[in-house]
């Protein structure tokens, strides 16, 4: 049986990542990523929008280790936001704090995020601060808290597999946060994360319930039918309008389900990554649900 740990191991292989960069983008583009850069992803965004699907784009690549590259990523993100507005695309932007220099200098991150959010506020484009591994969780939340007090168009992500997440929701409540709720895709110690899938699922339900009943806009990012049905039933029982939450799924996975949710009247947003560093992202996604492997590779290779 192919396990979650196997895919997480593969995601960290430098050799396989290099191979994927050399030849894989041709296979991945249009299947699991939008393209090698943002401009090449615009036709895909337009196609998704025409089907009633919203989008959030993410320039793949993290763990930047130079201030110069972090500033380049910042300028690229600013240009992406401006292009989204200019092209009238229905899209948010997602980004990781390590791509802006989190592992280099906190002042650099704040400098870069300030520039990005000033542009986002001007164009009314939501910027989602992606969550990474647990060791960076607190710093990421501190950054979100500081900027949420100043800017409207900023959101972040919480992971159900971490023990701390329910308390994090309570701590963020006063900020009226827009949160994307996910199960979690990084390999973590049992000291900080639930080791059993059943416990992760129960905690996921718990945080979905808490965030929605707190009255805050919520993105439920899942491909799990049980979680989708749970959210629908919760909304029905408590009279939560469809415009108070959205579902999110990955580009290239469960496309028909995405369209079905739109037809049912739900908000549906597609997470559309782009860039050459797609391999680690893809392996972590398979680690979330190893049962997706046949479906995923079929989607990558079919015409």
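Backbone N, Cα and C atoms are what each Cβ position is placed from, and that goes for glycine too.
Taken from Swiss-Prot, the feature active site applies to 130, 180. Per Swiss-Prot, substrate binding site is recorded for 96, 284, 285. According to Swiss-Prot, the FAD binding site annotation covers 131, 159, 183, 184, 185, 222, 223, on the basis of similarity to another entry. As annotated by Swiss-Prot, site 'Critical for catalytic activity' applies to 271, with the evidence given as similarity to another entry.
Here FAD is bound by 131, 159, 183, 184, 185, 222, 223 per the record. The longest Cα to Cα distance in that group is 18 Å. Counting every protein chain shown, the number of other Cβ atoms lying within 10 Å of the Cβ of residue 96 (substrate binding site) is 22.
The Cα atom of residue 222 (FAD binding site) lies nearest to that of 271, taking the recorded positions 96, 130, 271 as the candidates. In this structure, residue 130 (active site) is part of a beta strand by DSSP. Counting only same-chain residues at least 6 apart in sequence, those with a Cβ under 8 Å from the Cβ of residue 130 (active site) are 58, 94, 95, 96, 97, 156, 157. Remark: residue 131 (FAD binding site) has 137, 140, 156, 157, 158, 159, 182 as non-local neighbours, by Cβ distance under 8 Å and separation of at least 6 in sequence.
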